[in-house]
Amino acid sequence: MGAIMLDGKATRDEIFGDLKPRVAALDAAGRTPGLGTILVGDDPGSQAYVRGKHADCAKVGITSIRRDLPADISTATLNETIDELNANPDCTGYIVQLPLPKHLDENAALERVDPAKDADGLHPTNLGRLVLGTPAPLPCTPRGIVHLLRRYDISIAGAHVVVIGRGVTVGRPLGLLLTRRSENATVTLCHTGTRDLPALTRQADIVVAAVGVAHLLTADMVRPGAAVIDVGVSRTDDGLVGDVHPDVWELAGHVSPNPGGVGPLTRAFLLTNVVELAERR
């Protein structure tokens, strides 16, 4: 008997269904939400991701604002583009698509974004608000993970969650979300310095793999019946694969596919953040 699939695409469609009337109400009030993107360079993955975001906007009625820049731009040009979107009244929120070319400082670019227009929830000010528990845009992927677990009635309160990966977009903020009183999980954050990773993952009720190492998590590392969230993506000779080995499906209780699990929800909550920013104005 295999695991139950945590269907991110179906869950995304439910979120879009919720967003459409909210966007229509904002539009009727003259406050149409607008999502902006800044894309530097011609990385195929980044281009596809940005195209997907703007296609999502069209589905729910959000205005698209797109700024595509060549890979060899200067820091000054990038800053001018960020400042322009900060000042643009049609842009409710926006993102700087990562990664940036190596000659540009990603942290400096993210810090230059107006925190009130931070659609990704990754501005240092908003991450600080997450620590404090005060209202702010939430990081999209961690928010999507929590929503997916709740959608399938997977108990979070009191659960032991092992998160593999300490990146700023998933691992670190996910631990903050899961330890809020509203979630009340116990979180173990694992990384390259963790000793005996399998011993920890075998204790977990929920495992989140977010490191980008192909098939890192294998069946012998998972407790029978556990929920497994596959976030990381690696490019191999066989195409794109996740962090979770296929044999985990035979043992776990729930597994998110990759692709088709967390990815669609990351994009859905990007739009949700923009709509919520518009509603708060």
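Placed from the backbone N, Cα and C atoms, the Cβ positions cover glycine too.
Quick look at what Swiss-Prot annotates:
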type	residues	note
BINDING	Gly165, Arg166, Gly167, Thr192, Val233	NADP(+) binding site
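Location within the structure of each feature annotated in Swiss-Prot.
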{"residue": "Gly165", "record": "NADP(+) binding site", "DSSP (3 states)": "coil"}
{"residue": "Thr192", "record": "NADP(+) binding site", "DSSP (3 states)": "coil"}
{"residue": "Val233", "record": "NADP(+) binding site", "DSSP (3 states)": "strand"}
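Spread of the NADP(+) binding residues is 17 Å (greatest Cα-Cα distance among Gly165, Arg166, Gly167, Thr192, Val233). Other Cβ atoms within 10 Å of the Cβ of Thr192 (NADP(+) binding site), summed over all protein chains shown, number 8. Residue with the densest Cβ environment among the binding-site residues Gly165, Arg166, Gly167, Val233: Gly165, by other Cβ atoms within 10 Å.
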